[in-house]
Amino acid sequence: MLRSMYSGISGMKNFQTKLDVIGNNIANVNTFGYKKGRVTFKDMVSQSISGASAPGATMGGVNPKQVGLGSSMATIDTVATQGSLQTTGRPLDLAISGDGYFMVGPKPAAAVNFVAGTPTDFNAMNKSYTRAGNLYLDQNGDLVNSDGLYLLGFTNKSDGAANPTFTVDTTKIDKINIPTNAQSFSISDKGEVQYVDSNGKLQYAGQVLLAKFPNAEGLQKTGQNLFKETPNSGIAVANLAQTGGAGSVVAGTLEMSNVDLSEEFTEMITAQRGFQANTRIITTSDEILQELVNLKR
């Protein structure tokens, strides 16, 4: 009898966790770049009443007899599918159409060597990753996110020509700066940051880098729309946009949350009913135990 009560308790705990995840998803339905969570369950170990037996000369085989001991939480997944893109018309709003994450962090203390399409040694950089591309210019003209972390990428390698060509310095990953006296600027689908200087000449500030992971769902959420690398996400592979499987940079657009409200409300109803059903297991078991106690009267 106690087995049924403990099974009910395990079910209640699991559905409570599922409701917690659903509530967080709904709360972040309008959070830029948010990736929804999903809870999965698994059954717990079963107690064997009797084992299985093979067919004999006169009798057929018998299946095992087992009583399950409840359920447990299997995973809390991060669903890394892309959210819909919303046009804002603001040139500093960036979205990624396809795979990859923006790299943000404090100013690197030293140059970081880079080889396209290979894992990069970012140990010298306290970096994070995000799909939220709502960027801003600080008073120095640096591209930063809402928390003041620099957008990381390549800086332009000037060739000193009258009409300079765009050549990125692939030996150094650094913050990207647009001079404060620039007349205008734009960001291409390849992540190239261009601006018109005070003399009316087209200049290049740098190029945005996108990071890819062997297992993006293995990234750890750290808040502020940021992700951190984990042992199961794999090492970040940095690439230029539209190379090495990385997506395109879409300026004037933001990626919305991938939460589907209709799906979340449906999951909330099923979780609520599942929770209620497990409470009935406990109350029913309690009533039966009460009847057993009353037998003594």
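Each Cβ is built from the backbone N, Cα and C atoms, and glycine gets one as well.
Keep in mind that this is a model prediction, so the values were computed, not measured.
TrEMBL annotations:
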type   : residues : note
DOMAIN : 5-35     : domain 'Flagellar basal body rod protein N-terminal'
DOMAIN : 126-195  : domain 'Flagellar hook protein FlgE/F/G-like D1'
DOMAIN : 251-295  : domain 'Flagellar basal-body/hook protein C-terminal'
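Residue counts of the domain 'Flagellar basal-body/hook protein C-terminal' (251-295) by helix, strand and coil are 34 helix, 4 strand, 7 coil (DSSP-based). Taken together, the residues in the domain 'Flagellar basal body rod protein N-terminal' (5-35) have a mean pLDDT of 94 on the 0 to 100 scale. Mapped onto DSSP helix, strand and coil, the domain 'Flagellar basal body rod protein N-terminal' (5-35) counts 23 helix, 0 strand, 8 coil.
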